[in-house]
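Positions annotated as domain 'VanZ-like' by TrEMBL: 14-130. Residues or ranges marked as transmembrane segment in TrEMBL: 7-26, 61-79, 84-102, 114-131.
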Amino acid sequence: MIKRHHRIAMAAAILYLLAVLLVVFWPTPVDRPASGTLNAVLSWLHRHGTPRFIDYNFVEFTANIAMFIPMGLIASIWFKNGFLGVIAGMLVSCLIELTQATSLPDRYATGLDILANSIGAGLGALAFYLGHRRLSK
């Protein structure tokens, strides 16, 4: 019998993965409708002292990292191995970018997305490692 908290974790993982699939395979960039608002917010932040390097590219890169932290954690838990969690996250990212490059003409496949996603997967695997290590003591 699967424990209640395992069912909840599995449901959360499935919902997360579905959300990622929706975001990465949406036919157009998902931030397109909000790009004007995002640029306005960034302009306001810059006028009020936020460093200029925090721009659209920085926000997108950081969002890709954040999106893949759960991926690295979930994959590490699944494989019971943080290294395999990172590799799985990198492979998923490569498949996403390949699909965007070959099948979604309005999307932009970039190596920076793979890098950001891989960093996120690595942070998720690190969270797995630290949590596993703490529970082992």
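Positions of Cβ are set from backbone N, Cα and C atoms, glycine also.
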Practice prompt. Select the range from 7-26, 61-79, 84-102 that forms the most Cβ-Cβ pairs under 8 Å with the transmembrane segment (114-131).
Written response: 61-79
Discussion item. For a three-state summary based on DSSP, what are the helix, strand and coil counts in the domain 'VanZ-like' (14-130)?
Written reply: 94 helix, 0 strand, 23 coil
Worksheet item: So which residues does the transmembrane segment (7-26) touch in its own chain, when a touch means Cβ under 8 Å and the partner is 6 or more beyond its ends?
Response: 67, 70-71, 74, 96, 99-100, 104, 107
Response to the item:
The average per-residue pLDDT within the domain 'VanZ-like' (14-130) comes out at 94
